[in-house]
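Novice: Once you've had a glance at the structure underneath, I'll fire off some questions.
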Amino acid sequence: MLENKFIILRKQYRMQILGALTFQIMNFAHGFVTGWLSPIVQIIQSTETPLSFSVTVQEISWIGSMFGFGFLTGNILFAITINRFPRKFNLYILAFPHMLFWILAYFVQNIDYLYAGRFLAGVTGGGLFVIGSIFQSEILNKDIRGAIMSMGMVFLSGGTVMGFVLPTVFNYYVIPCIALFFPTVFLIALCFFPETPQSLLKSNNIAAAKAAFDFYNGIENESNRTLDPSNETSQRVESEFEELKSNILKGDSSQSITIYDFLTKSALKAFAHGSVLCILYQLSGCFAFLNYMTSIFAASGSVMDPYFCTNIVGVSHIIGCCIATVLVERIGRRALIFLSTIGMAVGMIAFGVFLQLADAQMLKVYYWAPLVFMLIVVLLTASGLFGTFYITLVEILPAKIRNLALPMAMTVFSLLLFIILKIYPYFLFELGVPTTMYSSASICVITTIYLYIFLPETKGKSMNAMN
């Protein structure tokens, strides 16, 4: 029991975790970009804007939604490069559109700079969830994969909170200088890790694949393996590598892929489940909250400072992601998603009812209510749906077509992302917060019913096993 509790501390997993944490630097940086928009939307619309031009609500909606266009482009781009170039090469590419975003934000002269910058940030975002998911799933053992990949949401959330806070503390032009530090560290740190064994095996580089597999499993070199008295760990790693090699070189994942592989019963079911997951994630407001949190508080009529409320909610988002990391391998993906979405629906309906019934006097007396409602909604979002979405999406896809199917699923995700970021300002400022909350809650209820009936549990599933 004690050994299972501290399984993540084993030497075998040390380099796997360090490799995943290196990727999380870029995840953190991407979270920074995501959170940055929330306070900046209010700042650049105010009379104290640091920019030399004014910005309308319509332009704000385009600033937000250009991220969705970029995300779609990133999916298409990395769907092309993922099987043509090594995983590490793709990871290196990720950092550069992100860095260009901050450069454009610093030298901004007109609204087109922000459009282009957000597009480039979206390109990195689209690549992160294609390349990053596959890179991590290939280097992480199935016993720790769920916990470590869910931890990625903690880093994304942490970066988001930094994006919430820093624009309210520092001058607009200081933020890009701080933000460029993270992708620079990522590029340097990535140099110390080898290519994934799966990628090397697919290029028929068996010796390098074996060395990489040993590296990620804590086997330093051949001489150390021979000198090991028990040799138990080395034998187990050897057996696991042979199984991996057999699956890739002889199994489904190495055979040529045809259109019929996407029309099998298991593939069609996986696409259906993945599409519903994407609809739930985007149209429930799970991601839109992070982009427009400050605007939600401003539109709610709360007398509390919207920037302060945003920062507090950001902290609850981190706590929720930590909860997901702890529970994902204990109670499974399904249970976390269901508990999360049901709680989100209840919280959003309650928030909408409160705002619909409250007058100015009631809002003044219960000034804390909007903050409490959003704390609950965001905490539940992060502890389930946000924290487990990506690992669940990767795990439900058949092994043979996963590298192509994941970008296809993320294309649906990107289109929905563009739609929600484009219409969310309209819902908030034109239709009102109650209507926005009711709409999101309805999506939660409908999609959760489907997933409760059809979504399989994927905890402990081998990523290399044939479907």
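Glycine is treated like the rest: Cβ placed from N, Cα and C.
Keep in mind that TrEMBL annotations are predicted by a computer and have not been checked by a curator.
Quick paste from TrEMBL:
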DOMAIN    19-459  domain 'Major facilitator superfamily (MFS) profile'
TRANSMEM  21-40  transmembrane segment
TRANSMEM  60-82  transmembrane segment
TRANSMEM  89-109  transmembrane segment
TRANSMEM  115-135  transmembrane segment
TRANSMEM  147-166  transmembrane segment
TRANSMEM  172-193  transmembrane segment
TRANSMEM  270-290  transmembrane segment
TRANSMEM  310-328  transmembrane segment
TRANSMEM  335-355  transmembrane segment
TRANSMEM  367-392  transmembrane segment
TRANSMEM  404-424  transmembrane segment
TRANSMEM  436-455  transmembrane segment
Novice: Please give the average pLDDT for the domain 'Major facilitator superfamily (MFS) profile' (19-459) in this predicted model.
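Specialist: Per the prediction, mean pLDDT sits at 86 for the domain 'Major facilitator superfamily (MFS) profile' (19-459).
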Novice: Can you name the far-off residues of the same chain, 6+ from the ends of the transmembrane segment (172-193), with a Cβ under 8 Å from a Cβ of it?
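Specialist: For the transmembrane segment (172-193), the sequence-distant neighbours (Cβ-Cβ under 8 Å, at least 6 residues beyond its ends) are 15, 18-19, 22-23, 25-26, 28-29, 32-33, 36, 40, 43, 50-51, 88, 91-92, 95, 98-99, 102-103, 105-106, 159, 166, 215.
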Novice: Quick test of the contact rule: Cβ under 8 Å, at least six residues beyond the ends. What residues does that give for the transmembrane segment (89-109)?
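Specialist: Cβ under 8 Å, 6 or more out: 23, 26, 29-30, 33, 51-52, 70, 74, 78, 81-82, 116-118, 120-121, 123-124, 127-128, 131-132, 135, 173, 175-177, 179-180, 183, 186-187, 190.
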Novice: What residues elsewhere in the chain lie close to the transmembrane segment (335-355), defined as a C-beta under 8 angstroms and at least 6 residues from its ends?
Specialist: 280, 284-285, 300-301, 324, 327-328, 366, 369-370, 373-374, 376-377, 380-381, 383-389, 392, 432-438, 440-441, 444-445, 447-448, 451-452, 455
Novice: Can at least 3 Cβ pairs under 8 A be found between the transmembrane segment (60-82) and the transmembrane segment (404-424), with each pair 6 or more apart in sequence?
Specialist: yes
